[in-house]
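Q: Below, the features straight out of Swiss-Prot:
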- ASP39: active site, proton acceptor (ACT_SITE)
- 13-21, ARG158, 162-164, 208-210: ATP binding site (BINDING)
- THR20, ASP39: Mg(2+) binding site (BINDING)
- ASP39, ASP40, PHE41, TYR42, TRP59, ASP60, ARG159, GLY164, TYR165: substrate binding site (BINDING)
Amino acid sequence: MTSKKVILVALSGCSSSGKTTIAKLTASLFTKATLIHEDDFYKHDNEVPVDAKYNIQNWDSPEALDFKLFGKELDVIKQTGKIATKLIHNNNVDDPFTKFHIDRQVWDELKAKYDSINDDKYEVVIVDGFMIFNNTGISKKFDLKILVRAPYEVLKKRRASRKGYQTLDSFWVDPPYYFDEFVYESYRANHAQLFVNGDVEGLLDPRKSKNIKEFINDDDTPIAKPLSWVCQEILKLCKD
């Protein structure tokens, strides 16, 4: 057990919403925080379900993830503030420092705010993942729940710009139809219940998405904006 209060922060959303970039940059600003990625809880390639229609692996299915281990790890982190499982991170997102320009003054101001958090009292753990709020058992473990969103066309364009993904055992490249038939369809199917009339391009249903805060991260959003917003949300939970 730890004497500190462990704050679990979830940054979730569809693939290519920008959640991992925001999580990585936040962890770079807040160096006392711990960052883990749900992607590190993918099963081995031969355990990932195969889609009956296309006869390919469905990496965007909830069944592709080891939720039992993920949930167990979150419980251990909540109790101890430390990671217990030896994780293999595949680093499938481009280095955000080479992709985005962040004003030095803004960066320093945000860093100073994070440095003001009393690390004798608080242990902040940031978790980035695409399947968090669809699973009630997982979702309820978090103190701060952030859903990063972007319009369908933006998500599709961003995903298409990626060369592929390192898995535990190989390298995956999306077939041409993969975003529509797997990525977005899985996001819609597993998150529709959080939205009014099940429309994942529409409004969150306050009755179903209780305590989930959203951030719209389209292509017109400067990276400093979500970083500042996430910082303020974390600071609210770490007041002396």
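From the backbone N, Cα and C atoms, a Cβ is placed for every residue, glycine too.
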Q: Can you tell me which of the recorded positions ASP39, PHE41, TRP59, ARG159, TYR165 is spatially closest to SER15 (ATP binding site)? Compare CA atoms only.
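A: Closest candidate to SER15 (ATP binding site), judged by Cα separation, is ARG159.
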Q: What three-state secondary structure does DSSP assign to TYR165 (substrate binding site)?
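A: DSSP call for TYR165 (substrate binding site): strand.
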Q: Can you name the residues of this chain that are 6 or more positions from TRP59 (substrate binding site) yet have a C-beta less than 8 Å from its C-beta?
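A: Residues satisfying the criterion: TYR42, VAL48, TYR165, THR167, TRP172, PHE182.
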Q: Including all protein chains displayed, how many Cβ atoms other than that of SER17 (ATP binding site) lie within 10 Å of its Cβ?
A: 24
Q: Quick one: give me the count of other CB atoms within 10 A of the CB of SER209 (ATP binding site).
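A: Around the Cβ of SER209 (ATP binding site), 20 other Cβ atoms lie within 10 Å.
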Q: For each of PHE41, TYR165, count the other CB atoms within 10 A of its CB; which of these binding-site residues has the top count?
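A: Of the binding-site residues PHE41, TYR165, the most buried by Cβ count within 10 Å is PHE41.
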Q: Report the member of GLY13, GLY164 (the binding-site residues) whose C-beta atom has the most other C-beta atoms within 10 angstroms.
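A: Counting Cβ neighbours within 10 Å, the top one is GLY13.
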Q: What number of additional C-beta atoms lies within 10 angstroms of the C-beta atom of ARG159 (substrate binding site)?
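A: Cβ-Cβ neighbours of ARG159 (substrate binding site) within 10 Å number 17.
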Q: For SER209 (ATP binding site), identify the closest of the binding-site residues THR20, PHE41, ARG159, judging by Cα separation.
A: THR20
